[in-house]
Protein chains: 2
Amino acid sequence: MKKVVKFGGSSLASAKQFKKVGDIIRADKSRRYVVPSAPGKRNKNDTKVTDMLYACYEAASTGASYGKLLSAIKERYEQIIDGLELNLNLDYEFKTIEENFIAKKGSDYAASRGEYLNGIIMSHYLGYEFIDAAEVIFFDENGTFLSEKTNEELSERLAHTERAVIPGFYGSNPDGTIHTFSRGGSDITGSIVARAIHADLYENWTDVSGFLVTDPRIVENPVPIETITYKELRELAYMGASVLHEDAIFPVRREGIPINIRNTNKPEDPGTLIVENTCRKPKYTITGIAGKTGFCSVTIEKAMMNSEIGFGRKVLGVFEDCGISFEHMPSGIDTMTIFVHQSEFEQHEQFVISNIHRAVQPDSIELESDLALIAVVGRGMKSTRGTAGRIFSALAHARINVKMIDQGSSELNIIIGVKNADFEAAVKAIYDIFITAEL
Amino acid sequence: MKKVVKFGGSSLASAKQFKKVGDIIRADKSRRYVVPSAPGKRNKNDTKVTDMLYACYEAASTGASYGKLLSAIKERYEQIIDGLELNLNLDYEFKTIEENFIAKKGSDYAASRGEYLNGIIMSHYLGYEFIDAAEVIFFDENGTFLSEKTNEELSERLAHTERAVIPGFYGSNPDGTIHTFSRGGSDITGSIVARAIHADLYENWTDVSGFLVTDPRIVENPVPIETITYKELRELAYMGASVLHEDAIFPVRREGIPINIRNTNKPEDPGTLIVENTCRKPKYTITGIAGKTGFCSVTIEKAMMNSEIGFGRKVLGVFEDCGISFEHMPSGIDTMTIFVHQSEFEQHEQFVISNIHRAVQPDSIELESDLALIAVVGRGMKSTRGTAGRIFSALAHARINVKMIDQGSSELNIIIGVKNADFEAAVKAIYDIFITAEL
């Protein structure tokens, strides 16, 4: 049994948090490869070390005074070291960092030091080997991640390493300089390591007990999702749910390695298990609800349009010519409605309308703005009749007008359009009918 | 007040029916212009006179024996004349018909004699002037109906005619030969006459008390529709409901003349009123349910497709290249489903699939056949929340799996996809929840 464990910034923000992490890792001998983030916020008003590093580098590389900033960063790490009672001194590392900042080694280099230093501390604390990510994770000269080269070299290196700490977020360019993934990229590093060692499980430890069924800013204390498929996750993420870094999914998904989202502060919680597929019956009919506001709809009417071959293609061609991607295109009889992002559409509005007139000579075109789209996602919907009925009864009961309904044969999700003003009430109503009522 | 009254074939199949028609016309002095069809079936095993005429012409023009057939036709008319105790002899007319059949004056000519002769009898019976449709309804050399020329000449002629009978179904070509509308075309003649005289109402008398909410072959004794808009009518007709001849709607619609579908055998029933628009609250939330079987769905999955500009347009382009019109295109996240007619799709199936692969490199394409589409239509749905909820709850209760849902911003109709095998049960369930439950 081999597990890769990745810990987020809040899980490593202080010595107290490090101790929780240590307990978690020691509790399971299969947690052999550890990917740490940089220290995050210790409280609401704290600053993440990564942000301190960016600011310090900006000052140093432009010749401004940076001493205080660098000391504050060092102080963060020394507090952790002291709290863990480690015999470790980072003077040499900080001297190197200072030199490299002045030599303008790049903001990627600067940002990566947060994980790098945390990795050194973690390896001392655990007694695991430290492997600098720059030696095992590679980008090409254009900054594109080299997945196959990385996988080969990382597999080879870890085959001879029983237990190791590999800092997240960064790797190296062909010239040896540091290159980082986008923010939150430690998730990707963990996924890459899991793939390289053919891990049985990739544990992603954070400060929540897994993904929540819906946005906690809309519904108070939503229940966590126990098991979610990659596909469902992708759908919820697309519709605005903030979940794992998208690129973190590909490396493990191709190997069929499940991801377990866990809570460092509540290690007893099972968290959310992300899987390729499962026969496990979901606890609730739906897996999640996500949505976005700021859409508008263009409704085109023309008698006999259904029998006019090429009608839909011509209409979509007009949007394409303006570089506008469409979200959904529900149709009735003699009418079709195209949902687009309001921000993309507004500047091209009149151009689109006149070109639709030219392309298909409609009887009428109507516009409606300030609409929201909600996705109700769940593999359980396929085997449960009446899901649509429950959704629309709940919305009717909440006095919400449904502007659009779209469900294709996949039966994995139903998309509902409502007014922006009804968005939160609609999400709440759907949550209540499926979760509160099934609790 | 001026009304045009059109009577269908079953309303004029016998002297007994003619008497009902006479009573109806005499009961309302504003019923000034009468458009008769040819005599229809008197009972289930009877033959329509129009069909007898086609057969007789076929025989006469090919030199086969036709005497018996012609006598049988004459016999039908003589029975009506005798039953009405009219002093009228059709020997001259039948002699002319026989000559023209032998001279191969065309099957349009032959078919039109059914209405022509019925018109002569009707004018004698009512004491109204007889106007041969060939003198007032015009087609061009390609058989295209000349609406403006007809309207001008017909208006002029009827301005000087207080009461008249104008046989339905036919008109004349520029060379004076007879040209007919397609079968059921007397509806069109009535509509053209109504437009020409700026009628207050176009009454279309048939053997049912108006349009029914749904197909009586699926639901036993469905209730009739009291008021329906042209748009609703068009939607139900498109989805398979057999209603008025479509071309019969345009002439009156442009003048805002309502159509009243009435029952000759139950003149006390109000029938269905077809209007451009109405504030009248519909009696039921929905106006009608219609549907068709024989569709199949092509579901295309591709991660991130929504953000790929041109994706939908390219997919539809593939169908267009094969000359396949699509019915609906509901989409989820990373998936879109295209509904097409199975009969159109089957022969191009593999071509479509390989071209979709070439055009957009999908992750997967799935096909499902033997699907039915049901349209629930009603202007009342817009003002009633919860319509969708009721539909889908009813379908769930009937244990029917919903394969597709499509509702755009028009809110005038909801399209539902089910398996062919579930089609009738689905229509029944929707009928019951809206009509039986609201009765």
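In case you wondered, yes, glycine gets a Cβ from its N, Cα and C as well.
Pulled from TrEMBL, these are the features on record:
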BINDING   A:K6, A:F7, A:G8, A:G9, A:T206, A:D207, A:R217  ATP binding site
BINDING   A:T50, A:E115  substrate binding site
DOMAIN    A:376-439  domain 'ACT'
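For A:T50 (substrate binding site) paired with A:G9 (ATP binding site), the C-alpha to C-alpha distance reads 10 Å. The two recorded residues, A:R217 (ATP binding site) and A:E115 (substrate binding site), have Cα atoms 30 Å apart. By a simple count of nearby Cβ atoms, those within 10 Å, the most crowded of the binding-site residues A:K6, A:R217 is A:K6. A:T206 (ATP binding site) sits 15 Å from A:E115 (substrate binding site), taking the CA atoms of both as reference points. Calculated from their C-alpha atoms, the gap between A:F7 (ATP binding site) and A:E115 (substrate binding site) amounts to 11 Å. Per-residue confidence over the domain 'ACT' (A:376-439) averages out at a pLDDT of 89. Cα of A:D207 (ATP binding site) to Cα of A:E115 (substrate binding site): a span of 18 Å. Cβ contacts within 10 Å of A:F7 (ATP binding site), excluding its own Cβ and spanning all protein chains shown: 29.
If you take the Cα of A:G9 (ATP binding site) and the Cα of A:E115 (substrate binding site), they are about 9 angstrom apart, rounded to a whole number. Cα separation, A:G8 (ATP binding site) to A:E115 (substrate binding site), rounded: 10 Å. The DSSP secondary structure for A:D207 (ATP binding site) is coil. Its own atom aside, the Cβ of A:G8 (ATP binding site) has 22 Cβ atoms within 10 angstroms in the protein chains shown. The CA atom of A:K6 (ATP binding site) is located 12 Å away from the CA atom of A:E115 (substrate binding site).
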